[in-house]
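Student: If you look up Swiss-Prot, you'll see 1-12 marked as topological domain 'Cytoplasmic'. Swiss-Prot lists 36-930 with the feature topological domain 'Lumenal'. Positions annotated as N-linked glycosylation site by Swiss-Prot: ASN178, ASN198, ASN213, ASN287, ASN309, ASN387, ASN403, ASN568, ASN766, ASN817, ASN835, ASN902. Among the features that Swiss-Prot reports, compositional bias 'Basic and acidic residues' is placed at 180-193. Annotation source Swiss-Prot lists phosphoserine at SER285. Summarising the annotation, Swiss-Prot assigns disulfide bond to CYS476-CYS708, CYS699-CYS779, CYS812-CYS825, CYS848-CYS863, CYS898-CYS913. Positions annotated as Mn(2+) binding site by Swiss-Prot, on the basis of similarity to another entry: ASP578, HIS580, HIS713. For 654-716, the entry in Swiss-Prot reads region 'Catalytic subdomain B'. The domain 'Ricin B-type lectin' annotation in Swiss-Prot covers 794-925 and rests on sequence analysis.
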Amino acid sequence: MNKIRKFFRGSGRVLAFIFVASVIWLLFDMAALRLSFSEINTGILKEDIMRREQTGFRVEADQMTILSPSSRGMRPPRNGAGGKESFRKAENRVLKVEENVDQVQRKGKMQFLLGRGKAVSLWHRTHVQTLPVTLPMQKTQGRDSKPEVSSLHMMSKQTTVLGSEKDSFTVSRGVPLNKTAEHTETLDKKQEAPENYNLSSDTSKQASQRALNVTISVRTDRSKQQSQTVTKSSIQFASLPILKPEEVTVTKKTEAQGKDLKYEAHKARPLLKFTADVGHLKKQSTNETGLGVLPEADGAKVAPGKKLNFSESQIVIITKEEGQKTDTKEVPNSKIQTVFPKLLGESQGKHIPRSQSQTLSSPLAPKRAVSQSKPTLAEELHTARSNLTAKATTVGHQQSHANISENPGKHHVLRIDVTLSPRDLNAPGQFGRPVVVPPGKKKEAEQRWKEGNFNVYLSDLIPVDRAIEDTRPAGCAEQLVHNDLPTTSIIMCFVDEVWSALLRSVHSVLNRSPPHLIKEILLVDDFSTKDYLKANLDKYMSQFPKVRILRLKERHGLIRARLAGAQNATGDVLTFLDSHVECNVGWLEPLLERVYLNRKKVACPVIEVINDKDMSYMTVDNFQRGVFTWPMNFGWRTIPPDVIAKNGIKETDIIRCPVMAGGLFSIDKSYFYELGTYDPGLDVWGGENMELSFKVWMCGGEIEIIPCSRVGHIFRNDNPYSFPKDRMKTVERNLVRVAEVWLDEYKELFYGHGDHLIDQGLDVGNLTQQRELRKKLKCQSFKWYLDNVFPDLKAPVVRASGVFINLALGKCVSIKNITVVLEDCDGSSELQQFNYTWVRLIKHGEWCVAPIPDKGSLTLYPCDNRNNRLKWLHRSASAFHPELVDHIVFESYQQLLCMEGNFSQKTLKLAACNPTEPQQKWKFEKYYDV
């Protein structure tokens, strides 16, 4: 004690008291300051919450925070120059989940749902609103029941607003989505890179860290909610125009992509929704996975018919053989189990049956939990609508190589639009806007038009990964699809395609498709001659592990090029696309869902228009289907409004399609080969869509147009591709081959509308194998197709039928032995029944009326569609001789000779045509129009 007391003697005592008082004062000061900060923060939070509730949680321009400088969007080089190959590099990492939730997040006052905003239709005024995410409990086979990640939450200042909310209106076919903000672009114009914005929270404890904080909310019941924070360092998002601030894309880098890849999330106009709808799923990587070694031989063979083998001497395959496996990483929480994909090593390249998908994962797909409940697909709600909408399909149908699992999980269609670098929002053509050629460049644009038969100059100005508006009908984003959809191989065939158009097609697939569903993208080069499509294309595509290039060593044409791609495809489903398209958001899953439900369904997207002059993206009518008119001319026909109203057809209803356009569709690979693929006897291009459409429908399959799948396509007035032979004759030959195999007796209707086709005597090749294939598949007749698939097509077998009357005499033509005579009319007499066919024969059974050579009297000859001496013109002669409309003119002679009746002798003969002679005027009992 004495030692202690001496410190408090004299001046030491004063210093001790001063020190103690200072410490106490400092403690009180810090406590007061902390209370002050808490009150200020609480007030700010309350004001912020009230303001966001009033404005729909929109972030104003003054609230944007800078994340990192953005790089200028890469442009395709002119004339095929190489593009940037270093920007597509990123390091594959596994998402880590750690518990770090503060009080505000647990109460949910600054949280909002991700990726689940309701789609806004372009055809009806719709109020944009946020829908809650609630999914049933999930489980995996062989494991305890675990709740599935049901929603993602982010903090307040995470996205940016580019425009104000607008109402949407009805848009007819061919109407551009953006009629304003046209751009005039010059080659020397410099574009400023848009600012990037920080994905962070003012209230989060990690606000100062350079990391993305996303809260995963797991619902165990309606009253309790647990959350975890997923922290992924050094990750940014693509510059994505999105509808709501709730929407965000969760991405993952690959080892093949390097560390300099930047992703960034942006907000755009209310009608634009370019984001991944991942709020209700396990975190899904958007990386490009490596491709396994290509098998030496594809197991699928060409069905009966000419086998088309592409040997090593015919095809050069450019590929990246990078293997991979998947592994799982569990979230360290007793109540949560999240499974993520992890790259390990070489892939076995084997297909895992869907029945095992709950315990095993495909090499290219992450593992997924399986839902306990059975939610109903939205597209199955509207069925059997007057033969126009698709019929409901039960799960009894089997997918090739796999059975549909008894209780598969489902999720909402993912709305993915991930770019490799931030988009330049002011770039020409961005968001599908029209572009105007600068006055000084019009001559150059005209000269370059012939390179692709569209505005190549503007195509090169537009970014290869431009944004386009989400044109899907309202409700598409809320539709459910199965978690274990089959993988698909995208097959694009091209020859001398425009560089920018080809790149834009590939980027649209990569940017807007769930990566685990894309097994590969096969670019089949049908012996292009352009230099930029050789080494430069190989170099550019080398940055995408899933893109492979197949080079044919000679020109085969589109049909055989597609067959080459199909033989080398490894996916469960084949998806054929043209090389000048732009796939819209959410395009792929609805197609695969239909094939998943029934392997004999062929799913087609709604094909929208990319204007060939200003490159604007234009929407089309929702209620269109592919049809044909005689002689097999493909076209689009809108379902009449009264039929739509009567049957209650909705914009999201699937449409039964009698004939598909042929350029864009998905088909089960094994079913494609069961059908015999394309007829290998078809040359180059033309008629293949008709042949496959008839084959699918008549042999037990279905063709559907899926309104929730949209793909833009450049429609050109002329085909720029060269044909080994005459283009028109090649197409006509293909159509004749199709007609001879599939149209049965209705082929006369085909020839009647293209009479020159039968006269030319085209060599269509051997049809034996195709006819045997039809018998083997036990296909229906063409009459069945007309009655059940395309009943609104007018297809009378003959032009006219019944009794054959002379107008002046009132007598009818009759058969006596093998001669033709005039008698009193008797409609019940078989001897007076005649048909006037589409190939201009007057038939009685298998006999045809014709003049006896050099005599002029008429008799019967065996019918032969190719014998011009049996053909007569009736009513069709009005085109060049309107005064002879009621006459029957014999074709074979140069002089106009007409059939004339002589009642006194009861005979018929040929005489010089006389428009005023009443005995030369005839009429059939019934006439049929088309």
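Heads up, the Cβ atoms here are built off N, Cα and C, so glycines get one too.
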Student: Here are the disulfide-bonded residues: CYS476, CYS708, CYS825, CYS898. Which has the lowest count of other Cβ atoms within 10 Å?
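Tutor: With the disulfide-bonded residues CYS476, CYS708, CYS825, CYS898, fewest surrounding Cβ atoms within 10 Å: CYS825.
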Student: Neighbourhood of the Mn(2+) site (ASP578, HIS580, HIS713): other residues with Cβ within 8 Å of the Cβ centroid, in order?
Tutor: ALA501, SER505, LEU577, SER579, VAL581, ILE610, GLY663, LEU664, GLY712, ILE714
Student: Helix, strand or coil at CYS913 (disulfide bond), per DSSP?
Tutor: coil
Student: Restricting the comparison to the binding-site residues ASP578, HIS580, HIS713, which residue's C-alpha is spatially nearest the C-alpha of ASN766 (N-linked glycosylation site)?
Tutor: ASP578
Student: Quick one: Cα separation, CYS812 (disulfide bond) versus HIS580 (Mn(2+) binding site), in Å?
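Tutor: With the alpha carbons as reference points, the distance is 60 Å.
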Student: For ASP578 (Mn(2+) binding site), list the number of other Cβ atoms lying within 10 Å of its Cβ atom.
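Tutor: Within a 10 Å radius of the Cβ of ASP578 (Mn(2+) binding site) lie 20 other Cβ atoms.
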Student: Quick one: among the binding-site residues HIS580, HIS713, which has the most Cβ atoms sitting within 10 Å of its own Cβ?
Tutor: HIS580
Student: In DSSP terms, helix, strand or coil for HIS580 (Mn(2+) binding site)?
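Tutor: Its secondary structure by DSSP: coil.
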Student: List the Cα distance (Å, whole number) between CYS825 (disulfide bond) and HIS713 (Mn(2+) binding site).
Tutor: 59
Student: When a 10 Å sphere is centred on the Cβ of CYS812 (disulfide bond), how many other Cβ atoms does it contain?
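Tutor: Taking all protein chains shown, CYS812 (disulfide bond) has 25 Cβ neighbours within 10 Å.
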Student: Under DSSP, the region 'Catalytic subdomain B' (654-716) has how many residues in helix, strand and coil?
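Tutor: Across the region 'Catalytic subdomain B' (654-716), the residues distribute as 17 helix, 19 strand, 27 coil.
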Student: Among ASN568, ASN817, ASN902, all listed as glycosylation sites, which has the most CB atoms within 10 Å of its CB?
Tutor: ASN568
Student: For CYS779 (disulfide bond), list the number of other Cβ atoms lying within 10 Å of its Cβ atom.
Tutor: 20
Student: Per DSSP, what is the helix/strand/coil residue tally across the domain 'Ricin B-type lectin' (794-925)?
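Tutor: Taking each residue of the domain 'Ricin B-type lectin' (794-925) in turn, the totals are 16 helix, 62 strand, 54 coil.
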Student: Compare the Cα of CYS476 (disulfide bond) against each of the binding-site residues ASP578, HIS580, HIS713 and report the nearest.
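Tutor: Nearest candidate: HIS713.
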Student: Measure from the Cβ of CYS913 (disulfide bond) and count the other Cβ atoms within 10 Å, all protein chains considered.
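Tutor: Result for CYS913 (disulfide bond): 21 neighbouring Cβ atoms inside 10 Å.
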